[in-house]
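Chemist: Please find one structure pasted underneath; my questions will follow.
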């Protein structure tokens, strides 16, 4: 049994390399996706490492999350004029292929911010929440290592640019998602309880995770 478990986890850990030449468990083909990201790469990079801090790095992001976000852009649930236009011509399979390509990339950590960030405050919020404000710990959905949960559609946040994370959490504060959307009652309600200082602390903590010791 132990040997089987070890073999399973080794296979899971190397999944990004396997999917590069075969279909992922969610149906995407990384090799095909690589041929479809010429436009994407202007902002997100060929290897999924963003060209500027305002754009999200997609290297190692879950295929399921990328597909869900592209569909949200296409349907107008997530508002961004550039991504709305980019997503209109994509089929569901295109989205999976693009997602599989970026999921198979490793990228590199975002640069640490110049000012000393309040990493400790961000760590407390991420790992423990705030009972007084009934704020759940971010790790409950995004994981203790901030690698997310592909099965549930929760994104990897580890090593993401603090600039981008601040913009996304701020956007969640104003988000109005349609009834029935899987995140309609989750992130907007959480984000609206966060102060600007909370948001910055969380963003700084998550950005530095790939340059610090694992939590």
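Yeah, the Cβs are placed from backbone N, Cα and C, and that goes for glycine too.
Checked TrEMBL, it gives:
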| type | residues | note |
| --- | --- | --- |
| BINDING | 40, 43, 44, 83 | heme c 1 binding site |
| BINDING | 138, 141, 142, 187 | heme c 2 binding site |
| DOMAIN | 28-106 | domain 'Cytochrome c' |
| DOMAIN | 117-210 | domain 'Cytochrome c' |
| SIGNAL | 1-20 | signal peptide |
Chemist: On a simple 10 Å Cβ count over all chains shown, which one of the binding-site residues 138, 141 is most densely packed?
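Modeler: Selected residue: 138.
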Chemist: Would you mind pulling the longest C-alpha to C-alpha span across 138, 141, 142, 187, which the record has binding heme c 2, in angstrom?
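Modeler: The two farthest binding residues have Cα atoms 12 Å apart.
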Chemist: By CA distance, which of the binding-site residues (40, 43, 44, 83) lies nearest to residue 142 (heme c 2 binding site)?
Modeler: 44
Chemist: Name, in the order they occur in the sequence, the residues of the same chain whose CB lies under 8 A from the CB of residue 40 (heme c 1 binding site) and which sit 6 or more residues away.
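Modeler: Set apart from residue 40 (heme c 1 binding site) by at least 6 residues yet with Cβ under 8 Å, we have 86, 98.
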Chemist: Can you figure out which of 138, 141, 187 (the binding-site residues) comes closest in space to residue 43 (heme c 1 binding site), comparing Cα atoms?
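Modeler: That would be 187, nearest by Cα distance.
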Chemist: Can you check how the pLDDT averages out over the domain 'Cytochrome c' (117-210)?
Modeler: 92
Chemist: Including all protein chains shown, what's the count of other C-beta atoms within 10 A of the C-beta of residue 44 (heme c 1 binding site)?
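Modeler: Counting Cβ neighbours of residue 44 (heme c 1 binding site) within 10 Å gives 22.
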Chemist: Just to verify a number: CA distance, residue 187 (heme c 2 binding site) to residue 83 (heme c 1 binding site), in angstrom, no decimals.
Modeler: 20
Chemist: Measuring Cα to Cα, how many Å separate residue 138 (heme c 2 binding site) from residue 83 (heme c 1 binding site)?
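Modeler: Approximately 26 Å lies between the Cα of residue 138 (heme c 2 binding site) and that of residue 83 (heme c 1 binding site).
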Chemist: Measure from the Cβ of residue 83 (heme c 1 binding site) and count the other Cβ atoms within 10 Å, all protein chains considered.
Modeler: 17
Chemist: What other residues of the same chain, not counting 40, 43, 44, 83, have a CB atom within 8 A of the CB centroid of the heme c 1 site?
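Modeler: For the heme c 1 site the neighbour list reads 39, 41, 42, 55, 58, 82, 86.
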Chemist: Between the two most separated Cα atoms in 40, 43, 44, 83, the residues recorded as binding heme c 1, what distance in Å do you get?
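Modeler: Result: 12 Å between the two most distant Cα atoms.
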